[in-house]
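> Just dropping this structure here.
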């Protein structure tokens, strides 16, 4: 729905009687009508009706820009209705180092927990996708930039071990700035712990699909995010270890290549397997999961590329 269409529809539904109101009252009423109803795309500046954007899973209908979505929204988009069974909901971070930066770590945790209604930066559990049982983990960037502390690492590890034990495929969505500095070495050790659990999952012959979303950096990239048997990414996702500004300042050799660290750049250079738009992700994941279930292979539709690769960028 365009802006002009919305105003035309609004005029049909109701008429605002502003006669006799002061200019301040008129401004307040117009602002109350407009606030939250429209979102401006940071990529193309197009205004999109918020409900239309939500129905399109936060993907700009004008240019395809992928806005960030929350972990609960991701689960709602992907899993069969009513199939989600959360795991390890009781796990919550502590402050063993009594860390203090601009404010105490414990106070910072409480603030993010209240703001996001999450205990930490990942949701893990079991569900089904097009009837196929799956173990799934989804990171939420709203919680301290999706940073990986001891709870995130523990939940990812337990999820992986559960998938290995129950012979389930594993799908993890990454969105993170890296390891959580407030937990020091306890955070860094999660890289080795999650990687070891995934190695056991692989040795058991089970599938792991890693989906990279914007942004995925640091210790998450250096551990489980890049260990998938299949590595997918959303269009435009920024993925790396250190950020481009840090790299430029460190190497001191001018500008980095255009598009460096984007999903498109990684695909062109063989670091990921496919770029899948969010609106097609459920269908594509279902196809990939079914390919690893022999009884379902015969009924699969043809698997076609979902994202064109520009040969000039290779």
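Count begins at 1; order follows the chain as displayed.
Any Cβ shown, glycine's included, is placed from N, Cα and C.
This is the feature table in Swiss-Prot:
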BINDING   41, 44, 60, 63  Zn(2+) binding site
DOMAIN    37-307  domain 'CoA carboxyltransferase N-terminal'
ZN_FING   41-63  zinc finger
> Could you give me the DSSP helix, strand and coil counts for the zinc finger (41-63)?
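Summed over the zinc finger (41-63), the classes give 6 helix, 4 strand, 13 coil.
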> So how many other Cβ atoms are close to residue 60 (Zn(2+) binding site), meaning within 10 Å of its Cβ?
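Looking across every protein chain shown, the total is 19.
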> For a quick check of packing: other C-beta atoms within 10 Å of the C-beta of residue 41 (Zn(2+) binding site), how many?
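That number is 18.
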> Once 41, 44, 60, 63 are set aside, which residues in the chain still have Cβ within 8 Å of the Cβ centroid of the Zn(2+) site?
42, 43, 45, 46, 48, 61, 62, 64, 65
